[in-house]
Amino acid sequence: MTEARVSRGALAALLRALCALGCLLGRAAAAPSPIIKFPGDVAPKTDKELAVQYLNTFYGCPKESCNLFVLKDTLKKMQKFFGLPQTGELDQSTIETMRKPRCGNPDVANYNFFPRKPKWDKNQITYRIIGYTPDLDPQTVDDAFARAFQVWSDVTPLRFSRIHDGEADIMINFGRWEHGDGYPFDGKDGLLAHAFAPGPGVGGDSHFDDDELRTLGEGQVVRVKYGNADGEYCKFPFRFNGKEYTSCTDTGRSDGFLWCSTTYNFDKDGKYGFCPHEALFTMGGNADGQPCKFPFRFQGTSYDSCTTEGRTDGYRWCGTTEDYDRDKEYGFCPETAMSTVGGNSEGAPCVLPFTFLGNKHESCTSAGRSDGKLWCATTSNYDDDRKWGFCPDQGYSLFLVAAHEFGHAMGLEHSQDPGALMAPIYTYTKNFRLSHDDIQGIQELYGASPDIDTGTGPTPTLGPVTPELCKQDIVFDGISQIRGEIFFFKDRFIWRTVTPRDKPTGPLLVATFWPELPEKIDAVYEDPQEEKAVFFAGNEYWVYSASTLERGYPKPLTSLGLPPGVQKVDAAFNWSKNKKTYIFAGDKFWRYNEVKKKMDPGFPKLIADAWNAIPDNLDAVVDLQGGGHSYFFKGAYYLKLENQSLKSVKFGSIKSDWLGC
């Protein structure tokens, strides 16, 4: 142990010396941090390794005989399932799909999970929660599961009741890697959960990977204790003494306890509580929530912090008296607002600041990594201790993942409809609604809810329907070229293509790329100078860098310079002719200067006075890069204008010319 520590210290000293030498040799250009191998990190699979494992797990391609011929054929099945071009090749879109987080159940029939289209032969179904995740307090977990069951009871005769002892129809638990059912999880990301079809034994049981960060989909959920806002949730970011905080802090306290504000402005409202910490309380165990007692003795060894010793599941625990060996009283340590995920620290919190390769880091960093993931050290000096973990991200909505898994527990298989809850890939949806495809599937098994009054008329269509490009005339909400691809927006769906000559692929959920957007947008354009996508919906707009929403958005249209009377934008585009952005609403348009970040004077103007033959109340406008033309869309048709002369050179059908129908 001493030799290893000396070796690491010597290595750290050498790295610091090299860093100092680099600074002396040339301060003009700071060298990027070298990519290193983090202890406990899982090495990423090659594309071929990923494909073989993916097709074996989800499409039944045997590992030992999944040769190139079989692989190609199975790849086409997978590509067809996800609406991808059926190339049979490991192209970029196929690999991207395989790397997305998803349910662990297969996409084709697997008789271990779904023997003979099973269903429950009763409408009263019981469930029991065996274990909890430390990421959320028990009340939030209970509520998420109850709401997930209600998704299905709202549209069927099924009724779900919770029991606290004995064998329930659906047993719910959290676990890591191999957890007792022969279908192991795979660490952070990848497989999120799985469930078995209705039946005896494990039938209906639902398991959730506890290496994932469980949230409600929008970052860590932190319910405070004590203070003057007991039981409320932290508000991140919050403002204290004129500074913004994005996590719990001990700033302003001398006792070291972490706290947060439950409103944005603590300076104004003064509402706060203490963040979960083992010094305040524990979860589960047998100590009824009593806090940890440090130091405590376990098997003759003294511990002054939470530990995973004595456990095979990796959960952090502590004794709640000074001698566990004598009293046998313990509890699990709650996750703090800066608890890490993955790494080699078993969920220990970040320690900020920390030293890495001789440099001090005041916040999470991607230094040293090739994948860009944010991480932190869990001691003050990574170079000496090499203890680390990934920083909390948005996490995975326990409600959405559970609602999907409980669909399997009712007998539903995966859906090819990307708008369905039962689609295999996880996509966070802020305003969730069960799709028509989901409702149709569950009602084929159990019938409609007796609470749904259909009256004497025809049965109504329940839930949103995923549109099909060539089977109906779609009036698009927006069309834009973003990062070189043409995107077509309709309600919560998008289609994408590189050129108008190719049939767009999709649909995909808008939330796949831009999760914070509302279900329906009014307009979209890309600022090519900054490569930012700007979306309009109602009287607000959103600005994204790639898939990251810029801080402070959405903002009102008035902050862009539009008058208060404009409550909706019809279309917008950045014109390559003069690099200005044009915003259309009704019969008027405005011109926005992207460099000066303000509207040009002399606007609005009437569309009819400035644009040749262009109608009012447009649906979308796009200027394709390097094409020399702009395209104005309304209804099922479009008008093509030559940029220099503003002459109309073509009037055509969107369906035939842009959608390949």
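Using the three backbone atoms N, Cα and C, a Cβ is placed for every residue, glycine included.
Per Swiss-Prot, the features are as follows:
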ACT_SITE  E405  active site
BINDING   C103, H404, H408, H414  Zn(2+) 1 binding site
BINDING   D135, D210, E212  Ca(2+) 1 binding site
BINDING   D169, G201, G203, D205  Ca(2+) 2 binding site
BINDING   H179, D181, H194, H207  Zn(2+) 2 binding site
BINDING   D186, G187, D209, E212  Ca(2+) 3 binding site
BINDING   D477, D522, D570, D619  Ca(2+) 4 binding site
DOMAIN    229-277  domain 'Fibronectin type-II 1'
DOMAIN    287-335  domain 'Fibronectin type-II 2'
REGION    415-661  region 'Required for inhibitor TIMP2 binding'
REPEAT    518-564  repeat 'Hemopexin 2'
*H194 (Zn(2+) 2 binding site): which of the binding-site residues C103, D135, D210, E212, D477, D570 have a C-alpha within 10 angstroms of it?*
C103
_Per DSSP, three-state class assigned to D209 (Ca(2+) 3 binding site)_ = strand
*Spatial neighbour of C103 (Zn(2+) 1 binding site) that is closest, considering only the binding-site residues D135, D209, D210, E212, D619 and their CA atoms*: D209
*Which chain neighbours of the Ca(2+) 2 site, leaving out D169, G201, G203, D205, have a Cβ atom within 8 Å of the mean position of the site's Cβ atoms?*
I170, M171, F196, P198, G199, P200, V202, G204
*So of all those binding-site residues, G187, G201, D205, E212, which one's Cα sits nearest to D477 (Ca(2+) 4 binding site)?*
E212
*Looking at the recorded positions G203, D205, E405, H408, H414, which has the shortest Cα distance to D522 (Ca(2+) 4 binding site)?*
H414
_Spatial neighbours of D209 (Ca(2+) 3 binding site), counting only the recorded positions H179, E405, D570 and Cα distances within 10 Å_ = H179
*Using Cα-Cα distances with a 10 Å cut-off, which of the binding-site residues G187, G201, H414 are near D210 (Ca(2+) 1 binding site)?*
G187
*Taking helix as H, G and I and strand as E and B in DSSP, count the residues of the domain 'Fibronectin type-II 2' (287-335) in helix, strand and coil.*
4 helix, 14 strand, 31 coil
*Looking at Cβ-Cβ distances, which residues of the chain lie under 8 angstroms from G187 (Ca(2+) 3 binding site) while being 6 or more apart from it?*
V42, R176, W177, D211, G342
*Counting distance between Cα atoms, which of the recorded positions D186, E212, H404, E405, D570 is nearest G203 (Ca(2+) 2 binding site)?*
E405
*Pop the mean pLDDT for the repeat 'Hemopexin 2' (518-564) in here, whole number is fine.*
91
_Closest of D169, H179, D181, H207, D570 to D135 (Ca(2+) 1 binding site), Cα positions, binding-site residues only_ = H207
*Identify, among the binding-site residues D181, E212, D619, the residue whose Cβ has the fewest other Cβ atoms within 10 Å in this structure.*
D181
*With a 10 Å radius around each C-beta, find which of these binding-site residues (H179, H404, H408) has the fewest other C-beta atoms nearby.*
H179
